[in-house]
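Trainee: Structure in structure tokens, see below.
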């Protein structure tokens, strides 16, 4: 069963993507560690870390795409799950500092000593153990997503209302984590990490290892998403996206499907956050800012919603552009990002990958039709509609397609 | 004729002479008392101050004030007392009673009359009872308040005298309260004290409360019981005032939310468009105010008091025009795709923010308050600042104006028709695209004038709008879409709830609780408090 599950995930297109990803995972650390610094092929460590960061963003984009592209849930609060995963990892890393902090307290992190706390709050227990922290990286975002989704999907909060309350969720968490008495370092967050699993976080080898781990996590999550969306479950998800009420009338428990994919997606975002933190070396409440979550959505939109590869490509492209712009033309970056939002929604509703694959299918179909007209016995139908073509974007709603809808 | 005239003049002259003569002799009779201050130690000085105060003549007040301030000196040669101020190397002397200039003297020729803290207190209360008889009611009021603070039992007599002569009701009230405070501090009879407790209890403020609590803890018997009762009454009334204050703060916050959200309610309600750039319209309104004020400062400073009135229509037009531009340029291509609209308008908001940052710089800009917007007044135990009050008034006016537009004009009728049933409205000949553009312009324009108001209480920076966008969404979603009353109720409820939570939970936690409350509320009523009734079913 497991093999068929994975087999379903790996068709030719996904295979190409996984192969490229694997090559990157092997090549980048190798070029960093094995080539001498003056070699033209040498990849400097900062670039490894930067690319590692892009990969965690790509994983976040993948998780957003899973719920938005395939289930129609536009989450403006996925940054919350990302940051929660990051905080779980940050707490583990804080406990690893031990007596090497500024105050040299063997148990309490520096900021607690600074705040005159005498003992560790209960929710910090266990974070000195790696397995516990890594488990919570999954469980905390998962549990929050479960509780939130349980209520929201059961009471049929949909569309923009859901988007707005996910935004409220991450905003509330932002405010909460800014408080010093929450015990998460307040404004400054958690930083000054030393070790991860016994390796120095600053060392080149650890950086390369973290890069490889981010790449592997991205690959595994990609395969899981691929398997989910290509299964029967995935078809139901697409049905929910395109006609929720109709799916419900057909007898599917829509809320359970939504909840399942929502929790999976939140856990993936948590993993992304946990890999992000050791690479950038800090986690602070700013990661909860609603703007971050919205930016993650635009990565998906640029790459192409409903195409898993597109989410990854979009995240990497936009963030590469961001790095370049903020260094070269810092004033222009927000103009560029804003224009990107507008242009993509107006002219590229399917994103880069979606548009390319649409063009490719159109060409192929024309060829097939021509062949059919010449007497071939193959009907000119598309292969069964793959989830890669988001239906509700192209769907010409007969009655209310291009008109404003009162929000009721 | 000329005789009569000269006779009258003579009479007047005589009267004047007698008058000044009497005043002069009065002052001269005081002089020994003043000069006595040169003798003796603290204990004697205290008695001498008492003697001076007992004359009840306001003329000794400057001398006493100077004594308290350490500016009363006596000349070593003849023990004459003077008010002395430092002038160059020596002192400039002036007469303590007539305040006439008395020349200068060297530093060594005079000695300061020393006072200690105890004496200063005695002086204060003596001054208090002296100025109780001053002709200016403001001085009398201040004097009575000073006695209230000093609680000097010795002032009771002078207070009683002053109360008997007092003509101003407000001043008399304060005097009676001061007397009550002094009585409680004296060893008077229980009957007097009970009466005093009643007077204080009717004051009902924190000062009276602390006095009465002190009395409750130090007295016994009937007085203690009465004090306990009075403390309880005051506590109760103070709790009421606290609630009133919370409600006022809540209404004030609610009106800010209302201003920020009401434009959003229109665009969201009518067109189902999530306009993430709404906060930036508010921000642009605030910057219009800034520009207007800058222009006025440089060209017509006299108009500054009216700057807000000039800014209001301009802000409406500028924001409204940008709104129409956004609708025609971007949003109309995205109808039926609310989630994409949300992303596109978010992009527009980034562009607008960065544009304002490039033009005006990233720092806060100074927007001044006209005189009629600054200051505060007291209502019972409430302090109400004028800018908050005017913003509440303004929010209500904007709401009423918008209601009028929507209910009484043909444009409003069309808008409501389009909200309720777009296709039917179109069939009846309403140009729905035009209505969409105008409605979007109206909503944005309202956001602009909200920005004028918010520039008075918030920092005018490119991030101004972002701070309001989430809150306004909460208000609109909570109140229910397509219903302005819902927005009003939603804004006020959230404002008041927020302010009531703050004392218990702190500002940040209070806000978090409100957000969680809204998230839960949406579960219960996904369409808000006042949902439009209808049979619409999604696909």
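Residue numbers in this text run from 1 along the chain shown.
Quick reminder: no glycine exception, Cβ is built from N, Cα and C everywhere.
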Trainee: Labelled transmembrane segment by TrEMBL, one stretch among A:332-349, A:350-367, A:368-385, A:386-403. Can you tell me which?
Mentor: A:332-349
Trainee: According to TrEMBL, which of these ranges is transmembrane segment: A:54-87, A:88-121?
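Mentor: Spelled out, TrEMBL records transmembrane segment over residues A:54-87, not the other listed ranges.
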Trainee: Top stretch among A:12-34, A:160-178, A:208-228, A:259-277, A:332-349 for CB pairs under 8 A with the transmembrane segment (A:131-153)?
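Mentor: Most Cβ pairs under 8 Å with the transmembrane segment (A:131-153) come from A:259-277.
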Trainee: Taking residues 6+ outside the transmembrane segment (A:54-87), which of them lie with a CB under 8 Å of any CB in it?
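Mentor: Residues 137-138, 140-141, 144-145, 159-160, 162-164, 166-170, 173, 177, 184, 190, 211, 214-215, 217-218, 221-222, 225, 228-229, 234, 237-238, 240-242, 244, 257-258, 261-262, 264-277, 279, 283, 285, 287-290, 292-294, 296-297, 299-300, 303, 305-308, 310-312, 314-316, 319-320, 387, 390, 392 contact the transmembrane segment (A:54-87) from elsewhere in the chain.
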Trainee: Checking distant contacts: for the transmembrane segment (A:332-349), what same-chain residues at least six beyond its ends satisfy Cβ-Cβ under 8 A?
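Mentor: Non-local partners: 295, 298, 301-302, 318, 321-322, 325-326, 355, 393.
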Trainee: Where else in the chain does the transmembrane segment (A:208-228) make close Cβ contacts, counting only residues six or more beyond its ends and a cut-off under 8 Å?
Mentor: 5-6, 8-10, 14, 17-18, 21-22, 24-25, 28-29, 32-33, 45, 48-49, 51-52, 55-56, 58-59, 62-63, 65-66, 196, 199, 234, 237, 261, 264, 268, 271-272, 275, 278-279, 308, 312
